[in-house]
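Chemist: Marked as domain 'FAD dependent oxidoreductase' by TrEMBL: B:5-318. The FAD binding site annotation in TrEMBL covers B:Thr43, B:Ser44, B:Val166, B:Gly307, B:Gly308, B:Trp309, B:Gly310, B:Val311, B:Thr312. Among the features that TrEMBL reports, D-dopa binding site is placed at B:Tyr223, B:Arg278, B:Gly308.
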Amino acid sequence: MRVAVIGAGVIGLSTAQSIYEQYHSIVSPLTIEVYADRFTPLTTSDGAAGFWQPYLYDKGNVQETEWNKETFDYLLSFLSSPESVKMGIFLQSGYNVCTEPAPDPTFKDIVLGFRQLTERELQLFPGYTYGWFNTALMVEGKTYLPWLMDWLQKRGVMFYHRKIESFKELAESGADVIINCSGIRSGELQPDPELTPGRGQIIKVDAPWLKHWILTHNFKQGVYNSPYIIPGSRLVTVGGVFQIGNWSEQNNSTDHKHIWEEACKLEPSLKHARIVEDWSGLRPVRSKVRLERETIQCGPSSVEVIHNYGHGGFGLTIHRGCAQEAARLFGQIVQQKGKGPKSRL
Amino acid sequence: IDTVRVVVVGAGVIGFSTAVCVAEALPFCSVTVLAEKFSPDTTSDGAAGILFAAQFPDISVERQRRWFKDSFDHLRAIAQSQQSPEAGVMMSSGYQIFKDVPADPKPYWSDLVIGFRLMTDRELERFPGYKFGQAFTTVKCECSSYLPWLEKRFRKAGGKVQQRKVSSLHDLSDSYDLIINCSGLGSRTLTDDPQVYPVRGQVLKVEAPWLQHFIRDGDGKTYIYPGIHGVTVGGTRQEDDWRLEVDDGDTRSILERCSRLEPSLSRARVLSKWVGLRPGRRNPRLERELVQPRGRKVPVVHNYGHGGWGVTLAWGSALDALGLVRQCLHEMPPQAKL
């Protein structure tokens, strides 16, 4: 069976991994190929801070909360091994602060040591009157993606540096199943009015004395449009903006100035931090993640497509849960095509 | 009013903290720091500097709380200001874990640090063999940066610095009106105090920039303290051990114990090794006395013997010492100033 994955960000690579893990001994032969025009370190996943945290509230989307939890627990399990360093996984604690009291976030039981902020702690954040402290995970794209690629390459997955123009193209070349992990550009393969860019811009600075992440929440301004500071293993990511509908991947100096000023108000010591670089990326925003099967007609034949895109600003946060679900959908296809173990009776 | 000539013996964290407190509070004093060793060669320089309270048997809990609180609040203000990177002072969150539930699960300092709580079962799962833990946020003060920063502040307040080995406090009684003794382990010979003894500590600095939390075993012997430019891992507590050389056996033991707590450390590159002799004493000596070396009475304020808690207690002790200095000055007969 030939599986073609479109997209080599965290979603594409982790889905390829889940499918391999679950089916390489069941389906024989199983050829997995990854097609992308951008590989690490040039994907959206690479630019992201690598901080595990969903949006504060899942708004009833319990499925996404479960996938987030699955991802957290999966990443956490690697901490007992030195392999975690090669994967870019580590723990970091920090603060979510709000301008007004707010209900506890949906992820409170997923993270470690979740608690309310004390009065003394809130004094650190003038202008913010409420918030929470917890320990979460970091999974840095620039380390995690190469680790995933290495994992896949060792198991015979092939990579092709090529932009796929249509599902038909892959179907005609013999792909049995296409996994569409093309993120923000999924619309080019199949129009999706629900998919829109949530442009983000960040500044990477050298400030090794910072060991906590700080995310501010201003409910009037909306998610990620309020300053955040997320220390990484080498540099600190300072943001942010969340500009719906803005397709520009160029760094904008007005955004830079705004982000920097707001962040320095939040963390005065940043004034002495050396600015290393700016980066802009397009979060693949959608009302909800598109994770479903579709049978696409290509002339006389049809090809099975599994869509796995639209993870907004929480791709790294949710990737494993979605990858496992995509693999489950793949399993359905395997059964239907009679390629599963029972079919050999 | 004539200038009172004050000398502070010792340029570690206790010496410079005390010198700054006196110079800033008492402008009519001229303060000189006299020491054989300055940063980066003091005992304070190798300390990880995580603020963590001590418990001394013969000093009232109120006084120890005050020392800790004064130090904590002073350093926290620096950590949260623009001075943070230059001063080498930052906030640090982490865990203190215990193999057995301690007698005092919620110690006296728990309300003085930030966000103190007990660790959850899920958090303890990371540490097999450990049954109990505390999680909190405290301050880390790196003396290799903090001491130069204090010196700058001291000079700005008019302070003077002189490099010199002091063999006897009596030698200073001619040139100074008041002596503040912050000579740490040196007090053993300087003031003939047999109660102060070395507690040898060896630490390594490793490169592990992915580590963001401190982890300390409640027995005080194994700890991991991520800092600004490296992670300090340790340690040892060898009483009456005067060796300043690195011990390879200790190095191996430290790496082994710390890697058990934090497996990712086995991938960390060792950057440097360091040995320091903590000025151990049953209780720190923070009191005044009057010495009369050559007919002239000279007040001495002692501020030494903080063991492994020097950084933690420095500012609080310094303020306490300042109080003793004020008392000395108050009682000083006018003719002594001539």
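Including glycine, each Cβ sits where the backbone N, Cα and C put it.
Could you place the listed features in the three-dimensional structure?
Modeler: For the domain 'FAD dependent oxidoreductase' (B:5-318), the mean pLDDT of the prediction comes to 96.
With a cut-off of 8 Å between CB atoms and residues at least 6 apart in sequence, the same chain places B:Gly12, B:Gly184, B:Leu185, B:Gly276, B:Leu277, B:Arg278, B:Pro279, B:Gly310 near B:Thr43 (FAD binding site), listed in sequence order.
The Cβ of B:Arg278 (D-dopa binding site) has 24 other Cβ atoms within 10 Å, all protein chains considered.
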Chemist: For B:Val166 (FAD binding site) and B:Tyr223 (D-dopa binding site), what Cα-Cα distance in Å is obtained after rounding to a whole number?
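Modeler: Checking the Cα atoms of B:Val166 (FAD binding site) and B:Tyr223 (D-dopa binding site) gives a distance of 35 Å.
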Chemist: In the same chain, outside B:Tyr223, B:Arg278, B:Gly308, whose C-beta lies within 8 angstroms of the Cβ mean position for the D-dopa site?
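Modeler: Result: B:Ala47, B:Val199, B:Gly201, B:Gly220, B:Gly234, B:Gly235, B:Arg237, B:Gly307, B:Trp309.
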Chemist: Any idea what the Cα distance is from B:Gly308 (FAD binding site) over to B:Tyr223 (D-dopa binding site), rounded to a whole Å?
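Modeler: B:Gly308 (FAD binding site) and B:Tyr223 (D-dopa binding site) have their Cα atoms 13 Å apart.
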Chemist: Between B:Thr312 (FAD binding site) and B:Tyr223 (D-dopa binding site), how many Å separate their Cα atoms?
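Modeler: Per the Cα atoms, B:Thr312 (FAD binding site) and B:Tyr223 (D-dopa binding site) stand 16 Å apart.
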Chemist: Let's check the environment of B:Tyr223 (D-dopa binding site): how many other CB atoms sit within 10 Å of its CB?
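Modeler: There are 24 of them.
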Chemist: Among B:Gly308, B:Gly310, all listed as binding-site residues, which has the most CB atoms within 10 Å of its CB?
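Modeler: Counting Cβ neighbours within 10 Å, the top one is B:Gly310.
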Chemist: So, three-state DSSP: helix, strand or coil for B:Arg278 (D-dopa binding site)?
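Modeler: It is in a strand.
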